[in-house]
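Q: Following this message is one structure expressed as structure tokens.
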Amino acid sequence: MIDDENLNGKEPFLKKENQLLFFLNGEKVLINEPNPELSTLDYIRSIGLTGLKRGCSEGACGSCTFMLSNVVKDDNDTFRIVHRAVNGCLYPLCALDGMAVTTIEGLGNIDKGLHSIQERISENSGSQCGFCTPGIIMALYAFLRSNPNSTQKDIEQNFDGNLCRCTGYRPILDAAKSFANQPSDEQLVELPLPPMATIDDKKDDTQMICPGTGKPCNCKTKTSHIPNKPMELNSEPIFPPFLMEYKKESLKFTGSRVTWYTPTTLEELLKIKKEKTNAKIVVGNTEIGIETRFRSIVYPTIICPTRVEELIQIQKEDNGVRVGASVTLTEMKSYLNGIIKSSENDEIANKKNGTFKAIISQLKWFAGNQVRNAASIGGNLCTASPISDLNPVLLAAGAVLTMVSLDDNGAKVRRQVPINQFFLRYRVVDIKPEEILESVFIPYTRPLEFIQAYKQSRRREDDIAIVSCCFRVLLEPIAESASNTVDSNFKIKDCVLAYGGMNVKAVTCEKTEKQLIGSVWSRELLNDACLNLESDLPLAAGAPGGMIEYRRSLTTGFFFKYFLTVSKQLYQISNGNPLYLVSDKEKSATDAYSRPLSFGEQNYQTQPDKHPITQPIKHQSADKQVTGEALYVDDVKMKSLYAVMVPSLKAHANIKSVDASKALKAPGVKAFFSAKDIPGINDCGPVIHDEEVFVTKTALFHGAPIGCIVAETHIQALEASKLVAIEYEELPAITSIEDAISKQSFFPFTHLLKDGDMEKGWSESDHIIDGEFKVGAQEHFYLEPNGTLVIPGEGKELTVISSTQNPTKTQAIVASVLGIGQNQVVCKLKRLGGGFGGKETRSIFSSCVAAIASYHMKEPVRIILDRDTDMSTTGTRHPFIARYRVGFTKEGLIKALDLELYADAGFSYDISVGVLDRAIFHSENSYKIPNVNILGRLCKTNLPSNTAFRGYGGPQAMIICENWVEKISKTLGMDSYKIRELNFYKEAEVTAYRQSVVNNMMKRVWDELMVKSNYHQRLIAVEKFNKENRYKKRGISIIPTKFGMSFTVKTLNQAGALVHVYTDGTILVTHGGTEMGQGLNTKMIQIAARAFNVPVSDVFISETSTDKVPNTAPTAASVSSDLNGMAVLDACQQILLRMEPIREKNPNVPFKQLCTLCFVERVNLSANGFYATPNVGYMFKDSGVGEGTPFNYFNFGAACSEVEIDTLTGDHTTLRSDVILDVGDSLNPTIDIGQVEGAFVQGMGWSTLEEVVTFPSGYMFTRGPSTYKIPGFNDVPIEFNVSLLGDAPNPKAIHSSKGVGEPPLFLGSSVYFAIRQAITAARLENNLTNWFDLQSPATCERIRTSCLDNFVLQFRKQ
């Protein structure tokens, strides 16, 4: 970065064409010869601004969002400033010239004060792990800068380019909506206490909790701490005046591999293109950026056309609108919206806007906001994606494209190409090498012309289409009534049916169109059209994209929707002609999806006499996280080398040879290390030593590390890693759980649990059912990928800074791999950007890689896994297959369960034994079953080793259980809630593993939820809705959970803590747990503050480190507060006991003075606390009758969810979810409610949206947010109510509390079971009353095909 003296002086500044100038957070930046291959994210992080996070590198998570501001000239030659949120990971550094960049650091910080957005997100508990937070704040900030008069609904719909895995989104939305300048069309949602709370102050009716301080007060006023107040724009930083006068000239930047051009005229652009015909045109880099990053494609010449006036204009013409090819999708949408709005009161003009409305309807679901803000219409067309959202719309509309080039004399030559001739084959279009796309002409719609667009994807927001389409028909009155459209019949004069996702390119259906033209618009044409669509849109078995039956049924289902939509309009036009009558039951099929404003409430109980325990105190690091000052591993400012693993590209193969010679010659490369370079033991198995750090002979999964490349930068190491040549001898691979079962590929391990007398159970049963149920995998998708920084010290000392839930295990295995003592390795961290179990063991192998490299290089080495590497190598939640047999009475009482559980462990054990054990323990969920026989087996496959994930096998077993409960309900014709109630454990009843269920809150939770959710009234309303609607169906389900709390391995139920009290009265706490967003540090601070009776501000936690607290258990199993809290309390009590004699002599002195007096008296004010959970531990026996008690106590909860499905597409919406969870006396209701909401949404995603797809070759297809879909802002329940059960103290844990992280996750499956009820209602329309299997997750494909109507049956294999 160069700061030229003229930049800040008064003399004219003359910039060279190889210099890049922009403003960064208000300061001028000038770079000589910038690297054309650098993204904005790469550059900004390289200069030490770490608020932008690298979450995915494909523009789909929003962690790297920043605000880009620039001056735009309008048609009337006026200038306006445009602010937009864009993705730093894709937006090129070289495209910033003349613009202003604002990152999170430019908004506010702790020292100078928080921006109002930062403050409200922080105060409203909108940040847990914090990794996604800066990006979310910048998305909101940019939106409010551009849209200061936004409604709450406008704001709520702005986050489609951002993801959060922790919060469940509700607190973020509440904080964001407080900036609305005006209410939405719907009733304004007032924002109550943070979190939106109904507070029940136990034991003191006169006191309330002040939302500002979290302390008791007596004002008796529940005042919102989050004001409903717009952002004050006049106090925001102004756009740099320097840039208002900045002359945008041509640029040329030359890098080692790529040359970047920014021309200013069309002639200049065409001249470059004529000379360099292979040049790529880049506007937003949203496609080229993916190709260069993930496919290692190098484009030597890049041309950025955003300064060429002809390409950035939009013009109205007599017959339509002409859009310049470089116009962004957001700009186009805004322009078209303006046309529509201006003609709202002009019926004739408004009828011309049909195509514009169709485009806007598709843009709503096109990628995310940040991508639309950068991507251009021309780029979308020229990419020619076969699953494009917009191309079918433009095909149907009859758009015309203009190409332009220079002839040999330098004259411009233009060529018109109708869009139906533009797409030639897969990603090949009719553009000559010297041509560019100049503009797109979009015609107006004509009278009696109807155009409608549709799209179905796995997730509504920011997802690629499974099928997209657009239909246009031009009707004319039949001759005898042509003089008057009233009461007339109509026939089709012209039509286009355009589809994406059904061929290698976007296509039209010529045969169907030909059949339709001349036909009378009536129901009779539907059957013929559907049959012709079948032949027009063939898909062979095994076609790319899969889902053959589903995709084909969408083609006809969408046309049926379109037919109803047009008919409904014709019914009005024709004055009620019965030919066009759409029945009341059918009408909802024509409704476009429109999400109401979300809302809800959070209820909890506090106990003022326990302050600060039970108080809603915000996250300790919230302010740091909202300002971007919270540091994660990759943010540590230390010069280091970078390591990248070299993976096996085969799922099962002997490694015959490895040649790194070419890689070692690449720029910046320092070394290549493999198994022969490991000084200690080549083993990183966390429990059973069956994993190699680097493969010695045989790769056991696709992605297995063969070695690592070390280079000066991550990009250099990544590129060089692809140059390592590996010769394989491929071996047969097992890549699915079904394949493992059929081939008997199991680990030599089984666990059996038996209770009662199975023969007696069967004999007492009036009915016996059996079946099989499959539970899919789930990717953790923590926003911060795995990362480690290893710093060598004196001799063989190493400091390992790792994003891990398991510092002690990391320390131990790194020491073993290096052949040194654990006393020479310190593992430490401040926080993780999410974990969810995925960093309990799988983080360790990347730490070992960095440690090996650092050991040899004698330099700091950093390894940060790219998202695709992380997802494809670190394992998932275990998928399960269950085979069950259940006996029950005619009254619904369950008598016997025979269950076989098969879990896919992957290629190694990892901690799969513990996962399977917990699944076995939770196979009965909340129900007393007197006779059980449960066998668990681990399948061995050539896939990444699966690992811990929130719930640790419990959710898989419980969803299996609830599936057969539904089958019991179906068999008996009883409501499923009655089956559940009838079989609940009663107080002190004993489980199959011989543990008494004491302090049983299940029935109480259930009964309260029945009332709070209005279950019975809503069940009636759902039935009424289903009778009145044919193609939209609703379902409602109420689901319980009983979750055992403890590690099932006895040894892990221990914790340590170190507490220091200083003479100024402040306290430093260190404990063995890791902070990953769950608020553990905040709770530990509360416990220490309570013990010493000091404000929470006097207690501080800096980090977790193995040289402060050694030999710790991983932060997992939802008991970290239980374990570490007791250890902290123990240390505090030791110190207090030592202080007591001094206190007795000085009873009235403040705590600070007491500390000084203790020091004077030589009292030790430091203590090492320890806690071990008593009376826990369980050992399975071959007989099936084990020994011990696996759990310290149980959590109880229940959730009721109501959904609506579209039976023609499989789309679903969660209308309402009510959750009640027993957390004892909550240590911190704000934290705990956040955990409940986040876990619920994660569980909802696991059981509905999130599908891990692995090819038969072992290659994982879902390796990033573009292919793997976690819930987004749009997916959370529209009404979301969460309550913490009151008056339920738990005598088994710290301050009568309970752990909270895992138990709520399974309750998200209430959405899955509500979907099942809705599908059942849909099947009844087709007289299908038999049981049907609905495997988990209930994806849109499974929902649609399970509805089993004629549209599905048309394509079902016989």
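Cβ atoms are placed via backbone N, Cα and C, with glycine included.
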Q: Out of Tyr782, Tyr884, Tyr952, Tyr993, which is the one Swiss-Prot records at the substrate site of Glu840, Arg918, Thr1048?
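A: Within the candidate list, Swiss-Prot flags Tyr952.
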Q: Per Swiss-Prot, which of Gln805, Gln995, Gln1086, Gln1153 sits in the Mo-molybdopterin site along with Phe836, Arg950, Ala1117?
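A: So the Mo-molybdopterin site in Swiss-Prot includes Phe836, Arg950, Ala1117 plus, from the candidates Gln805, Gln995, Gln1086, Gln1153, Gln805.
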Q: Rounded to a whole angstrom, what is the C-alpha distance between Cys61 ([2Fe-2S] cluster 1 binding site) and Cys164 ([2Fe-2S] cluster 2 binding site)?
A: 8
Q: Which binding-site residues (Cys56, Ile281, Ser376, Gln805) fall within 10 Å of Glu840 (substrate binding site) by Cα distance?
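A: So far as Cα distances go, the binding-site residues lying within 10 Å of Glu840 (substrate binding site) are Gln805.
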Q: Can you tell me how the residues of the domain '2Fe-2S ferredoxin-type' (18-107) break down into helix, strand and coil by DSSP?
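A: With helix first, then strand, then coil, the domain '2Fe-2S ferredoxin-type' (18-107) has 14 helix, 35 strand, 41 coil.
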Q: Rounded to the nearest Å, what's the C-alpha distance separating Arg950 (Mo-molybdopterin binding site) and Glu1302 (active site, proton acceptor)? Just drop the number here, would you?
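A: Cα to Cα, Arg950 (Mo-molybdopterin binding site) and Glu1302 (active site, proton acceptor) are separated by 5 Å.
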Q: Select one residue from Glu287, Glu1302: among these recorded positions, choose the one with the most other Cβ atoms within 10 Å of its Cβ.
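A: Neighbour-count leader: Glu1302.
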Q: Count the Cβ atoms, other than its own, that fall within 10 Å of the Cβ of Phe836 (Mo-molybdopterin binding site), considering every protein chain shown.
A: 31
Q: Based on Cα distances to Glu1302 (active site, proton acceptor), point out the closest of the binding-site residues Cys64, Cys166, Gly379.
A: Cys166
Q: Specify the count of other C-beta atoms within 10 Å of the C-beta of Gln805 (Mo-molybdopterin binding site).
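A: Looking across every protein chain shown, the total is 28.
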Q: If you average the pLDDT over the domain '2Fe-2S ferredoxin-type' (18-107), what number do you get?
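A: Mean pLDDT, the domain '2Fe-2S ferredoxin-type' (18-107): 96.
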Q: Pull out the binding-site residues from the set Ile281, Gly284, Ala1117 whose C-alpha sits within 10 Å of the C-alpha of Thr1048 (substrate binding site).
A: Ala1117
Q: In sequence order, which residues at least six apart in the same chain have a CB under 8 Å from the CB of Cys56 ([2Fe-2S] cluster 1 binding site)?
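A: Once residues fewer than 6 apart are set aside, Cys56 ([2Fe-2S] cluster 1 binding site) is near Ser63, Cys89, Arg867, Gly1264, Pro1265.
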